[in-house]
Structures are given as C-alpha cells and as structure tokens.
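Take a look at the structure below.
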Amino acid sequence: AMDWQVLTRELSLYLESQVRVGLFGSGVGLSLILGFGVAYACYYLSSIAKKPQLVASNDRFCRFLEEYCPVVTETYYPTIWCWEGRVQTLLRPFITSRPQVQYRNELIKTADGGQISLDWFDNNDSLYYPDASTRPTVLLLPGLTGTSKESYILHMIHQSEMLGYRCVVFNNRGIAGEALLTPRTYCAANTEDLEAVIHHVHNLHPSAPLMAAGVSMGGMLLLNYLGKTGRDTPLMAAAIFSAGWNVFESVESLEKPLNWLLFNYYLTTCLQSSISRHRQMLEKLFNMDLVMKARTVREFDKQFTSVMFGYRTIDDYYEDASPCRKLKSVGIPVLCLNSVDDVFSPGHAIPVETAKQNANIALVLTSCGGHIGFLEGIWPRKCTYMDRVFKQFVQAMFEHGNKIFSM
C-alpha cells in the first residue's frame, strides 16, 4: 500500500510542476483531475482488478483448466467506470451488442400434451465440422424469463459459430411466443422438460458430442438436472453462469429495499407479463387476479409457481429448487462462474465447501461482475469475461475433454 501512496505523491508533484495552465491560469485544476485519476487507477489496480478464485478439489481438473481454459486463471479487469455489481447487472443488456443469428425453430411435444420451442443454430457452414452427424452441439438454457433472443445467448452462439459448433436454445414453455397447450409453465426445480429436450437432441445426433450451458435460472435448472441424473446423462460436460445457489438467500437479497426497486419489482412484472398472454388457459387452475397482484418474486412463486408444481408450501419449492443441495451428486465435469457481488446469488450463499467435496466441480469466483454482467474493456460492446470463459471451456471439453482423466 505504501508503494501506491509514494507513486501517487510523486506523480502528483510531477504533474503540478509540469502543468501551468487551467484553473485560474495555474495547473491546480488539471493537477487535481490528474491526481484523482492516478489515485483512482491505483485503487482500481489494487482492489478491483483481481484474479478469480478457482475452487476445485480435483488437481487434474485444475491442471486441465489452467492449460486449456486459461481465462479462469487470468486477472479479470472489470470495465473501469462500471465495476460495481448492480451497475454491471443493469447496464449489460443496454451496452452489449446483439450478434445476428438465424434460427430454425422446432416445436416438440411433451408427454403431458404440452409443447416446447427449440431454436436451432445449425452452423451448416462449419469449416471444422462439415459432417452434421458428428458436429459438436451446445444446448443453451436462458434465464428466468429469457429466450433465444437474449444478448448473452446470441454471444454464446457467436462464439460457438467461430469454433464450428451447432447450438440449440431450450426456450421454457410459453415464453417464446408459442401457445400453451396445457396449464403448465416451468420452474427451476422441475427437470422433466429439460430431460425431454436433452434426449430429443441426443437422439437426433447420437454421434455428436453434446454439452450444455445454463445462465441464471437456466443454470439452476441444469444443476438440478445433473444432481438428479449423476453420470446417467448424454451430456459430456456443462457450464453454469450466475446461478442462484440457494433460493432462500437469493429472494432475501432481492427483497432489500434498493434491490427490490432496481430488480425485484421489474422481474416480477416480467414474470406476470410472460403468463398474462396465456391467461385463458391458466385461469382454469389459478386465481390469476391474485397472481397479478404480486409485487415480489416470492409472492409470485407463492401464488403461482409453487402451486402449479404441487408443493405444499413455498419453502418446500425453494428447498427443492436450490442447486446447492444437489451438488454432491453431479457426475460430469461442470464449470460454474459466479461473481461474489451478485445480488441474485449473494457471495456468502455460494457452496464453496460442498463444491470441494465433488471432483467434477470447478467454481470460478470473481470479486466483481454482478449478475450476468462480467463487462470488461473501456467500452464493453463485444465480448464479456463470461463469453470468454464459455468459449474456452466449451472448446477445451470438445477438443481435449478426454485428457482430464489422464493429466
């Protein structure tokens, strides 16, 4: 710390001696601005820009990541003018670009008479994998009310396209414009639809290696599925981004006054508008007036989600939806990226000790980045830290995954 103070003082003295223009004809104003700039840069470099914490009990998995996914060991430099978690979370959807993606839509039927909308990016121009039958495939799971149109999904597809892979986006029921054929939507705890989609994709391309990546609630759903199936899954590996590990802690964090104002209320209205289109179908089972009066995610889940999936209480649902309880049973390599300043998944609720008990799990924890933020660079339009972790990990697994067990 003393070195920073000495450096700042030396620079300030130098600037003051050099600059003789500006405020009141002297260099005082410019010196102050430059001095502040230097101090801010010193603070940023000493306290904000940090290497992520890599939590993994398996030395071979660690070595594999260090060699083939080095981004998880590099210093993460958050955007210097918006590194705080809430700011990153709020700004990312507005700042990041939206790569052009042409989808092919497929509707598949479910056992209960419902339908699921899948958006395929076939990547038929793939140079590295011209044979469609063996082209590696990434299944993408968006967040709570997200679809294949989210900018973070489009960026993952853009990264996969460059590597020659095929992608398919699993849109939760009733979210992507398709009709609801039964009075049932989705939740983080119920993995039936995801299981149906994974087996459908695998059966279409049985010789193609298959991975999945889930973001926010998509990550929670994927973890809950993996905890349930263990090794018995067609997936060879998975990547999880900004998952809420403990739903009780997540909703408590989101109910703090500022977080309610910035995120909770908006998210609740998104949930309500996503089901209002299907009001006629859902009114058969629910008091929709009551559901539409909800002012927090917890109230919505109490009146709607927990009732729909047959939970006795909302606590029973939240217990079942929390992936931290299923982590011990995951049977394939999984990389999970979280920021400890994410208000949707508070740092203290990340199951670090449980993760250390499963050799298949690697947690990558950044000190900044917010919820699906991870902005970096001066003007973070293009690629985020999360996109780079996704790209390197997916490529590492598809190209070198067999080496994990031999390292």
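The backbone N, Cα and C atoms fix where each Cβ goes, glycine too.
Annotation source TrEMBL lists active site, charge relay system at Ser216 (among others). Remark: Ser216 (active site, charge relay system) has Pro142, Gly143, Leu144, Gly146, Phe241, Ser242, Ala243, Gly244, Phe344, His371, Ile372 as non-local neighbours, by Cβ distance under 8 Å and separation of at least 6 in sequence.
The active site, charge relay system feature in TrEMBL is assigned to Asp342 (among others).
The feature active site, charge relay system is assigned by TrEMBL to His371 (among others).
Marked as domain 'AB hydrolase-1' by TrEMBL: 136-377.
Among the features that TrEMBL reports, transmembrane segment is placed at 21-46.
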TODO: List nothing but the one residue from Asp342, His371 whose Cβ has the fewest other Cβ atoms within 10 Å; the candidates are the active-site residues.
DONE: His371
TODO: Note the mean pLDDT of the domain 'AB hydrolase-1' (136-377), expressed as a whole number.
DONE: 96
